[in-house]
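Peer 1: Quick paste of what Swiss-Prot says about this protein:
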TRANSMEM  46-69  transmembrane segment
TRANSMEM  135-158  transmembrane segment
TRANSMEM  175-199  transmembrane segment
TRANSMEM  273-291  transmembrane segment
TRANSMEM  330-353  transmembrane segment
TRANSMEM  369-395  transmembrane segment
TRANSMEM  417-439  transmembrane segment
TRANSMEM  517-535  transmembrane segment
BINDING   Cys559, Cys568  [4Fe-4S] cluster binding site
TRANSMEM  575-596  transmembrane segment
TRANSMEM  643-665  transmembrane segment
BINDING   His654  chlorophyll a B1 binding site
BINDING   Met662, Tyr670  chlorophyll a B3 binding site
BINDING   Trp671  phylloquinone binding site
TRANSMEM  707-727  transmembrane segment
Amino acid sequence: MATKFPKFSQGLAQDPTTRRIWFGIATAHDFESHDGITEESLYQKIFASHFGQLAIIFLWTSGNLFHVAWQGNFEQWTKDPLHVRPIAHAIWDPHFGQPAVEAFTRGGASNPVNIAYSGVYQWWYTIGLRTNNDLYTGALFLLIVSAVALFAGWLHLQPKFQPSLSWFKNAESRLNHHLSGLFGVSSLAWTGHLVHVAIPESRGQHVGWDNFLSVLPHPQGLGPFFTGSWGVYAQNPDSTSHLFNTSEGAGTAILTFLGGFHPQTQSLWLTDIAHHHLAIAVLFIIAGHMYRTNFGIGHSMKEILDSHVPPAGGLGAGHKGLYDTVNNSLHFQLGLALASLGVVTSLVAQHMYSLPPYAFLAQDFTTQAALYTHHQYIAGFIMTGAFAHGAIFFVRDYDPELNKDNVLARMLEHKEAIISHLSWASLFLGFHTLGLYVHNDVMQAFGTPEKQILIEPVFAQWIQSAHGKALYGFDVLLSSANSPASSASQSIWLPGWLDAINNNTNSLFLTIGPGDFLVHHAIALGLHTTTLILVKGALDARGSKLMPDKKDFGYAFPCDGPGRGGTCDISAWDAFYLAVFWMLNTIGWVTFYWHWKHLTLWQGNVAQFNESSTYLMGWLRDYLWLNSSQLINGYNPFGMNSLSVWAWMFLFGHLVWATGFMFLISWRGYWQELIETLAWAHERTPLANLVRWKDKPVALSIVQARLVGLAHFSVGYVLTYAAFLIASTSGKFG
């Protein structure tokens, strides 16, 4: 008899119902639960799968390069980045009639194409790529790297090349190699690329495989480096009249600290970026020599953690026991990694628009909007994942004996205080913010807008002033010419920075008022409530007063039967599931705020945001409704336009989103009855009844149906907003 899917679980493979398929898919990546798994083979499988992940990433990025080189207009775009629309790839669609062909033939192409809103054109241009040939070379190189990664994954599954468990648990070696090798050396290599290729190209000096060994990145070569006169490398930077990609106004400096933006490209100075990466490289290469391995010198992580005991004893055993807890729990490590990565991804979203690193990105409004929204949503999913794996750690890996009275144990012991404080903060934020919004709505509705409660964000304005924003008239720190902070840096980076922060053409420290104050607190409500649900889920994952033995039921369970009322919806998984809805809504508010504020800035009518953002009807009417008009007009009696694809996606996104509720609101019995009726009809329908099934059809479990509902809700939500964002921005600005 052929072995049925799933091979990793004999119990499931013998299940006579369709549960076999769905549970098989659901647990395919839960290696810990598979038959015959050992700790060592678990680590080895995960390690090998990382190479597969890398292979996919390199294949994907190779595809981006290849399609732009083949079907894009990169060379034309580099000659006039502000007026040529970058093409992502061609569209071949047999459904296209003549009006569709005409609508999508743009960007100088002779056939229908998609416009690129990913920022890759700006990135490739900034780092020194100039021709289609450069793109093809990059695509081929990444294809080779992808093949190497795939081979490495296969190789590390072979018995002779499988690392041992002790190798995976050698924390010091891993820290050293990741800090020095991964971050340090790669930052150094990137500095090298910027200095040797990107900066010369930005000054009109071609550097390629043919001449990179003979072109000096600096007129004095390595002389100043070896003689210690490093300041030479910062002398003679590009002038403010420099034209990117030409020698006009170009300097010779390679490592600078100018501050602010290149006036023409509105992006950070390339020489500042190179300097930053060099500094990062030095720091991380040093950091990667700190931990004790072969030579008996340096820090031991275990010793560091064990000695972290607060002296007075009031805080218990401190970090004792944490080394083994972290080092023996993959879920703990993954939780930490996801928490860090989530924060970093959100920071990328913030910095990509406020300090644009790529030439001419700041003038491509749709791309800026797309990149901000993309990175914020991804950050949300990653951050919720951190708490999910934190909760799984508490259920599967936490050892109370090993962590007696340390910080982890103490967190669990005073969880009621933590959860109730978070709850109070969420309630306070929610009621006060909603109260202000609704009051303002009523005042607008009754025709007395002057009776709105409008609060100036004075503390935030003070912080902006401290960073040098002069508009508010606070005479403090960098906004005061006489402060030590100002005088200390006057000749170095400050002139460029002060010019940038007080210039209204960029998004650095935007002017804020009462509308910003309100939406800031609405976002704070969302963040605190999402955190409350996630933290409660993790802290109650092992047990609660209501259900002390919760950990014995695992991470995800629907209920403990009818005998124990109130045990439904309280698994750690349920907390994660609820939190994702809050996360999505919160990031909805974040992206609405960012987008509307920027639309009004870019259009020069910032008064619209300032006046309409202080009450809810303003958001609904002047942001959502007003900006969806282009979408609703994608198809009309006069034919179609290039926004029609977004109009269709907007409708389809709503459909996917609404489908989610079908799974979220109806429970298992309804589906079971429906399936049995459909199966009955199938068996009695001629022709159809020639097709039989081996597995008895049964409804999804409660937990699975929730997952399917959540997946539809999330995908539909993001898809709908993506269509709205891109259509409403590109409809205005091209």
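First residue shown is number 1, and so on along the chain.
Every residue gets a Cβ built from N, Cα and C, even glycine.
What you see is a predicted model, and the numbers here were worked out from it, not measured in a lab.
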Peer 1: Pairs 6 or more apart in sequence, C-beta under 8 angstroms, 3 or more of them: is that satisfied by the transmembrane segment (369-395) and the transmembrane segment (707-727)?
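Peer 2: These two stretches do touch.
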Peer 1: Same chain, outside the transmembrane segment (273-291) by at least 6, Cβ under 8 Å from its Cβ: which residues?
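Peer 2: Residues packing against the transmembrane segment (273-291) from afar: 171-173, 175-181, 183-185, 187-188, 190-191, 194-195, 198-199, 234, 254-257, 298-301, 357.
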Peer 1: Taking the Cβ of the residue listed as 'phylloquinone binding site' as the centre, count every other Cβ atom within 10 Å, in any protein chain shown.
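Peer 2: A 10 Å sphere around the Cβ of the residue listed as 'phylloquinone binding site' contains 16 other Cβ atoms.
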Peer 1: Between the residue listed as 'phylloquinone binding site' and His654 (chlorophyll a B1 binding site), how many Å separate their Cα atoms?
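Peer 2: About 23 Å separates the two Cα atoms.
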Peer 1: Spell out yes or no: are there three or more C-beta pairs under 8 angstroms between the transmembrane segment (135-158) and the transmembrane segment (175-199), with each pair 6 or more apart in sequence?
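Peer 2: No, the stretches stay apart by this measure.
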Peer 1: Expressed to the nearest Å, what is the distance separating Tyr670 (chlorophyll a B3 binding site) and Cys559 ([4Fe-4S] cluster binding site) at their Cα atoms?
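Peer 2: About 18 Å separate the Cα atoms of these two residues.
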Peer 1: Going by DSSP, is Tyr670 (chlorophyll a B3 binding site) part of a helix, a strand, or coil?
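Peer 2: DSSP call for Tyr670 (chlorophyll a B3 binding site): helix.
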Peer 1: Including all protein chains displayed, how many Cβ atoms other than that of Cys559 ([4Fe-4S] cluster binding site) lie within 10 Å of its Cβ?
Peer 2: 16
Peer 1: Sort out the residues at least 6 away from either end of the transmembrane segment (575-596), same chain, that have Cβ-Cβ distances under 8 Å to it, and list them.
Peer 2: 353, 369, 372-373, 376-377, 379-381, 383-384, 387-388, 391, 516, 519, 522-523, 526-527, 529-530, 533-534, 536-538, 540, 609, 613, 619, 622-624, 627, 706-707, 710, 713-714, 717-718, 721, 725, 728-729
Peer 1: C-alpha of Cys568 ([4Fe-4S] cluster binding site) to C-alpha of Met662 (chlorophyll a B3 binding site): distance in Å?
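Peer 2: Taking the Cα atoms only, Cys568 ([4Fe-4S] cluster binding site) lies 20 Å from Met662 (chlorophyll a B3 binding site).
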Peer 1: What is the total of other Cβ atoms whose distance to the Cβ of His654 (chlorophyll a B1 binding site) is within 10 Å?
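Peer 2: Excluding its own Cβ, His654 (chlorophyll a B1 binding site) sees 15 Cβ atoms within 10 Å.
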Peer 1: Show which residues of the chain containing Met662 (chlorophyll a B3 binding site), separated from it by at least 6 in sequence, have their CB under 8 Å from its CB.
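Peer 2: The answer is Gly709.
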Peer 1: Could you state the whole-number distance in Å separating the C-alpha atoms of Cys559 ([4Fe-4S] cluster binding site) and the residue listed as 'chlorophyll a B1 binding site'?
Peer 2: 32
Peer 1: Does DSSP put Cys568 ([4Fe-4S] cluster binding site) in a helix, in a strand, or in coil?
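Peer 2: Going by the DSSP assignment, Cys568 ([4Fe-4S] cluster binding site) belongs to neither helix nor strand, so it counts as coil.
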Peer 1: Over all shown protein chains, what is the count of other CB atoms within 10 A of the CB belonging to Tyr670 (chlorophyll a B3 binding site)?
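Peer 2: A 10 Å sphere around the Cβ of Tyr670 (chlorophyll a B3 binding site) contains 13 other Cβ atoms.
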